[in-house]
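A.B. asks: Mind looking over this structure? Questions follow.
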Amino acid sequence: MAPSVFPSSVFLSSLLILVLFSFTISLHCNAYPSHHNPLRPHRHHPRFASHNYRDALAKSILFFEGQRSGKLPPNQRMTWRRDSGLSDGSAMKVDLVGGYYDAGDNVKFGFPMAFTTTMLSWSVIEFGGLMRGELQNAKQAIRWGTDYLLKATAQPDTIYVQVGDANRDHACWERPEDMDTPRSVFKIDRNTPGSEVAAETAAALAAASLVFRRCDPTYSKLLVIRAIRVFEFADKYRGSYSNGLKKFVCPFYCSYSGYQDELLWGAAWLHKATRNPTYLNYIQVNGQTLGADESDNTFGWDNKHVGARIILSKAFLVQKVQSLHSYKGHADNYICSLIPGNPFSQAQYTPGPLSLNSPSLQIYSANICYILSLEQVYGGLLFKMDDSNMQYVTSTAFLLVTYAKYLTSAHMIVNCGGTIVTPKRLRTIAKKQVDYLLGDNPLKMSYMVGYGARYPQRIHHRGSSLPSITAHPAKIQCSSGFNIMNSQSPNPNILVGAIVGGPDQHDQFPDKRSDYEQSEPATYINAPLVGALSYLAHSFGQL
């Protein structure tokens, strides 16, 4: 256990600030004021968009209803799903009913669930004012996550971080409504710390408190008070849950990046949610040791450094917090790593729809041909790794449009070793990535289920691939489902909005159910795309 560098008195001082701040709130639940969002003044929309971003947005949110665990509400729209996991937590005599299944199995992993909730919340915080009718659906998706996280953190200095034995679960192919594998419960506490999952949970609760601050101040206050307590636990009892719970959480959601990134990320969200200067001081004192300037440029459920840099850059760019000026440079370094053709470029892209030898490029003059070729050669899909690569595509697209928003507010640009990168360029790159995902790719395949004319038919997802309860009321036994899993038949239940792992580095996608690396959807793939799609739908006049 490391000594705490975060005083317990912060809890009371933060609470006082929250009480005072709550008196200043007088806004409506379902809309942000026009001055809240710098995107609002742009009234001139492009005349043509190759995709229906509004439809994709609606479906990307609907997906979360297919991942719900627990007692489903009367307004459940993904109707082939039924109640499941109604005794979750009973193994430890606690109530852990609810929450989300992370992907295509029936385990509830707290680490990616918390990150999903954080990113859904950030999407609404930045772009909720553009979502119109989808805003309420997004808030419901967030609340389904936070209601569970509140249950998981009900006991001080304890977080229940997983329900279900992943190895036993993966040995079966059965519907969540049928599952009879052990619903084992795993927790972190003072003796078995887990700073990464605790700090991410604090980030989720803090971010969500901002979402509900205007429309449900009581719930918002509950969330932020819990976030303060959970972050204090994360910081005071330092250690990785991948050590104490290794045989249960690994290799599924091991924390390979350590817990320092989550401590910085969690502090950034608490600074934003509470406006308590103690968190700003924490960031200033500990930022370097927590990896603020490290050159890791991958943002996802495990590594949050890039996200922390972007969100803290806003405090400098928009709110003029001068002590955080270095985070503009840290954020710029990430941006430069993505931009083709500059001295700091590190990102790899798939070949994409065209290549240098494409005949369609030869009709242009030399200069124009060069520009188009550069965008096309590096203009395929951002490729980070074979397993669930699309999660990095969606998180990157979100960060690009979000940072572009901050830069626009501050009237600033990014300088990548002499290459000037404007907010417009960032939005263009983000749009290209989203368009690829939605079907502008060599296979003309939408990687969002239910969107477009052609999309994956055999996703790696138990509930989607097996007959629904309505179609097959009798229980499907543990091993019986593998006959279907290994078949070539399309999934009978359409998990609308699910985004799969995506194509390989050569733009190929086999649409094979057993190929979980490419064919499995996950909540943390969808969550950041909600924000990016909201921006694009608004930009093209679809919202």
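Just so it is clear, glycine is given a Cβ too, placed from its N, Cα and C backbone atoms.
Since this is a predicted model, take the numbers as computed values, not measurements.
Among the features that TrEMBL reports, active site is placed at His460, Asp511, Glu520. Summarising the annotation, TrEMBL assigns domain 'Glycoside hydrolase family 9' to 53-533. The signal peptide annotation in TrEMBL covers 1-31.
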A.B. asks: Can you tell me how far the Cα of His460 (active site) sits from the Cα of Asp511 (active site), in Å?
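C.D. replies: With distance taken Cα to Cα, Asp511 (active site) is 9 Å from His460 (active site).
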A.B. asks: Who sits close to Asp511 (active site): which same-chain residues at least 6 apart have their Cβ under 8 Å from its Cβ?
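C.D. replies: Those within reach of Asp511 (active site), by Cβ under 8 Å and sequence separation of 6 or more, are Pro456, Gln457, Arg458, Ser519.
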A.B. asks: Near Glu520 (active site), which residues of its chain come within a Cβ-Cβ distance under 8 Å, counting only those 6 or more away in sequence?
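C.D. replies: Listed in sequence order: Ala103, Gly104, Ser388, Ile459, His460, His461, Val500, Gly501.
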A.B. asks: Across the whole of the domain 'Glycoside hydrolase family 9' (53-533), what does the mean pLDDT come to? Round it, please.
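C.D. replies: Per the prediction, mean pLDDT sits at 93 for the domain 'Glycoside hydrolase family 9' (53-533).
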